[in-house]
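Listed features, source TrEMBL:
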- 261-288: coiled coil (COILED)
- 12-32: transmembrane segment (TRANSMEM)
- 44-73: transmembrane segment (TRANSMEM)
- 98-122: transmembrane segment (TRANSMEM)
- 142-162: transmembrane segment (TRANSMEM)
- 189-213: transmembrane segment (TRANSMEM)
- 305-324: transmembrane segment (TRANSMEM)
- 366-396: transmembrane segment (TRANSMEM)
- 408-428: transmembrane segment (TRANSMEM)
- 469-493: transmembrane segment (TRANSMEM)
């Protein structure tokens, strides 16, 4: 009967997983279709963006699943369940581990091969609409550079062992044999771990740039709202009249046949471009003012404020917990050479205090950890959408509703893939003991060494994966301090800024008049 109940619970779990997967795919399709340009949309880039975004979301869901499985194998009194013997436990651990490696291998494939190839293919296609074979060859040529970087990372991870026996009398051949033995014993998984950890460092930089800003901008934008479409339209009409009068004054100078000076001609050209932009704004504002979506958003304005307050509370909880966790590592860890790893917690933080309380009522703790993971992802999306895609100080692409180029969507999905890799370490920094053991309890009445705890409880695969290389852990530690600093700066900037325009980012001077053809799709 117990086995049947366990099988029934697992079947229910798989059904929920299937529904969650379907929901993720639907969300990805809607999100990509919402932002992609209708005039420049391509089938391959659309499928690639949807697939990459789905992989990012599915990968982010692995952490709650990992924590749930190690907790599910034990009873509340600390004993293992009848079906969770050593072999079954090992099989579950291996299944989760290979699930990580499978998804992370897909991420490597997307980041180093598929997304770069599709990106460069469309870059070549835009420059020349000629032979498709030439476009493919050119795209492969540029993609080869990404593949070379991936190969180098795999080789470094595979053939540079972390612990090399110090034998003074060993020959060079014996050292080479040792490298190959280590590679064979790990079946190349260490190589994959090193490559993923390298990408995680890049994801850390992306999280510092986009997620930290998104965590401050998204809640405050919801709370402050946007300016009224009617008010903006009135201001825009006044601007149009002012520009038209200025144009008339300049053109009146040539009524007697005299040509305009070069300065006046430049002024006329600038004013005409400004007038075209203002008229596009007029059409957008008119469409928004009449749309049912605007009326719906006005009706749910109180709900947006509630969501904004909730998001800012989560962001502050996240930041305070991260600060206390990092401070604990600074004060009590073994230092830089150990990657600032700390066993247990000496300084508690709000999240560490909240999770044990929620563990008493299933499944509140899993709901909270899943909420934090998804919040991390969606604030990253908000940060990328608000800032656009940057390469240092150069803005490469804008992310705009219905006008985003295929290349920009590919960049967005690649950035999200990298940020997702860093999510697990961020959650570990917030609640280290919970990420290691979940809600497991052990049958010990007296204080025993930490090693005994390892024998009594099952460690999540996430923890083992995160701490395979100490130097990456050290980089993540310093990255957490940078994340906190950028969040606080973004919070101050967002508080000082006024309300956003109701057509923020929708109309730019470099847009063509053809872009207005897509208005009816979004503002019915």
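For all residues, glycine too, the Cβ spot is worked out from N, Cα and C.
When each of 44-73, 305-324, 366-396, 408-428, 469-493 is scored by its Cβ pairs under 8 Å to the transmembrane segment (189-213), the top-ranked stretch turns out to be 469-493.
Ranking 44-73, 98-122, 305-324, 366-396, 408-428 by CB pairs under 8 A with the transmembrane segment (469-493) puts 305-324 at the top. Remote same-chain residues near the transmembrane segment (366-396) are listed as 31, 35, 56-57, 60-61, 63-64, 67-68, 206-207, 209-215, 217-218, 311, 314-315, 318, 351, 354-355, 358, 408, 411-412, 415-416, 419-420, 423, 426-427, 430-431, 434 (criterion: CB distance under 8 Å, separation of at least six residues from the stretch ends). Here the transmembrane segment (305-324) has Cβ contacts under 8 Å with residues 215-216, 218-223, 225, 347-352, 371-372, 375, 379, 426, 429-431, 480, 483-484, 487-488 of the same chain, all six or more residues outside its ends.
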